[in-house]
Amino acid sequence: MGSGAGELGRAERLPVLFLFLLSLFCPALCEQIRYRIPEEMPKGSVVGNLATDLGFSVQELPTRKLRVSSEKPYFTVSAESGELLVSSRLDREEICGKKPACALEFEAVAENPLNFYHVNVEIEDINDHTPKFTQNSFELQISESAQPGTRFILGSAHDADIGSNTLQNYQLSPSDHFSLINKEKSDGSKYPEMVLKTPLDREKQKSYHLTLTALDFGAPPLSSTAQIHVLVTDANDNAPVFSQDIYRVSLSENVYPGTTVLQVTATDQDEGVNAEITFSFSEASQITQFDLNSNTGEITVLNTLDFEEVKEYSIVLEARDGGGMIAQCTVEVEVIDENDNAPEVIFQSLPNLIMEDAELGTHIALLKVRDKDSRHNGEVTCKLEGDVPFKILTSSRNTYKLVTDAVLDREQNPEYNITVTARDRGKPPLSSSSSITLHIGDVNDNAPVFSQSSYIVHVAENNPPGASISQVSASDPDLGPNGQVSYCIIASDLEQRELSSYVSISAESGVVFAQRAFDHEQLRAFELTLQARDQGSPALSANVSLRVLVDDRNDNAPRVLYPALGPDGSALFDMVPRAAEPGYLVTKVVAVDADSGHNAWLSYHVLQASEPGLFSLGLRTGEVRTARALGDRDAVRQRLLVAVRDGGQPPLSATATLHLVFADSLQEVLPDITDRPDPSDLEAELQFYLVVALALISVLFLVAMILAIALRLRRSSSPASWSCFQPGLCVKSESVVPPNYSEGTLPYSYNLCVAHTGKTEFNFLKCNEQLSSGQDILCGDSSGALFPLCNSSELTSHQQAPPNTDWRFSQAQRPGTSGSQNGDDTGTWPNNQFDTEMLQAMILASASEAADGSSTLGGGAGTMGLSARYGPQFTLQHVPDYRQNVYIPGSNATLTNAAGKRDGKAPAGGNGNKKKSGKKEKK
């Protein structure tokens, strides 16, 4: 009695236990998650929260490792939120074609514990395709004897969308003779038929032009048009008639190209040409798998068929008689499936290794089998090949788990080749196999070993940032993470804060990258200590040294130190004695190169010379010497364009322009420089005369005379010429400075700026301070000022110091070709009118710049900015009375100079340059 009650109690508990277990596994095995989304959703769009729909919390996501298992990567699961995201383009027409329902089915895989979940995503159609005709225009030939009510089939349009988004209606442009009827085929597609409303008369009108419009009912609706050209012909009142409106035939997918599908027939009650029938595919049928004999109507297979791609074909045929009348029929071809596809085994997840102490039943891999065939040809079973300590468990439909079935021992078998064979139920059955190699993991007992004990690498400077400069490699005989080596930099002879800005190393590959462009001139070598570390626990490591040597490249062009450039970038002039003998040292081009080795070897070359053969240039020294004596036909001013090249490959170069003037004193050079007209003034003067000439021609002479007198009176009454006597002593017009020149050889150099003589207003200033010694004649940066600015409190326009009759240049102050050359120790103030005017123009131009406050020249007040060598005694107090010597350029005022009248001789030509023999050279 008691045993019976106990058995009865156990019997009652078994269904309860079964229902409990079923409630646990049924959500994973039975439920299917469904979503519905429109096609063409952007990549990254959210389909739904898969984790929430499966009952997972956000905290479980890292351990459950929820992911998608599908053949094509249409979707992915966000690891952070568990949302199902679109990962590739969803084109419903490409995925499902014309199917009314389109859905993507796949499995969602979750681990710990391992489960599969079926997900179904329905793709809704959107109106993203416009109806399109196969051609832009159609031509119809209609007999004039055609009766009203005769129908003519027109070319159809195609719309890849479905439902209301697909082609729904055709419209015909208004016509007195034609109307349009929308027809529907057996497959539901629409096609237009044009109906003749009134009889045609070819003698009245030979042709008609109509517009056919195809529309869909999408939102917004889309449409396209085609032109219909109707030609009216003579009578052909009977159209061809097919023996059947619809032909149906079944074909095996394995039939060979050339196999006859069927033969259609059509008759025409007309006679002669109007009864000759030709067959063709309709323009709406884009058929590439079949061929049609236009005369016999025989349809044959053109290309191989595939049930897995297309299961049936709907072909529209046309029969056209000689009069242009057309009849249509439909041929429906059903493709029969054959067992021509072997099953496939796909491993969804593959472990890198499994530890040898893994427990029985440990999950190793997930695999899925599939067969493209249908029915029993697509039913698949799978099994393991060979004697291996594993087994396969069925998880869900066509999904299996590979788990351990025995204790593993790495010392006996460090790895296993696991082969899974899938076989279908077709006749004959087809099968396929897939293999994986499973490694058995061990403990971390080997440290990484570098392939070399140390590394030395050469890197050319100016390398691109991010370039690879070296690669180190270390091997570890361990398996899995114990043998995975990562690299890092642990020490260097560079400062720690600068290390990351110089080099970095790839932790995976050991490739050392330059983070910046190296400069041989700043850093020639450095050393790194690299470490290779495995991923074991505890981790083992090894160190190695890497020495990087930075090689020099020709990346620095030569830099010309002498001659220096003026503010406008041109070279200053050098003065050469007129009697200079061949070999006379004129000047020397001095340049440097920041590179080293051959890249810093410099050579000097003449690129251009105004008088070839007059000068020679030292290839390595850069010395410019006279190659011959100055001839009578040689110009006084010469120009040399010199190139300085280094020895690099390719060589870099710099250029310098030398302006050489043959003269025995500075006074000879000044008139030649100052008298040159400004090109811009010449152009302005030319334009002025052209305007005056045109005015004289176009305007009456009397009016021109009145305007000229008025302009003359206005100019004579302008007080601008007295602007220099304003309290501020400011110049009204900015002085114009011609190009800079330098006079001198190696021991000395003159820098001279001369104000333009055509438009400058002169202000006479008196400066009481003396010029400080040791300052050279320099040119301003941009204003063209020559002389230093005097204190405004010391300027006056009413007093002028008397001339100093004992004004001299001392021997140390006299210009010459070298410091050792001798000359006359006496020098007088210029006594002729030209030199006096020239000197005053220089002084007044300097005063004008000083009044503007823009002069940047050195020198004390009253010294004209001359250096100590030429300037200490040359002060403004030696300038003759400006009321006697002033000369305003552009005027015809008579110039007076008491000294010039008193002594008509030219000033003494002091500092005449000597030849090498020591004799004086006459002008």
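Each Cβ is built from the backbone N, Cα and C atoms, and glycine gets one as well.
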Among N417, N740, residue with annotation N-linked glycosylation site (source: Swiss-Prot): N417
From N543, N791, the one Swiss-Prot labels N-linked glycosylation site: N543
Cβ pairs under 8 Å between the domain 'Cadherin 1' (31-133) and the domain 'Cadherin 4' (346-450), at least three: yes
DSSP three-state assignment (helix, strand or coil) for N543 (N-linked glycosylation site): strand
Overall pLDDT for the topological domain 'Cytoplasmic' (711-923), taken as the rounded mean: 39
Neighbourhood of N417 (N-linked glycosylation site) by C-beta distance under 8 A, where only residues 6 or more apart in the same chain count: S435, I436, T437, L438
Protein Cβ atoms within 10 Å of N543 (N-linked glycosylation site), excluding its own: 13
For the domain 'Cadherin 3' (243-345), the number of residues DSSP places in helix, strand and coil: 4 helix, 46 strand, 53 coil
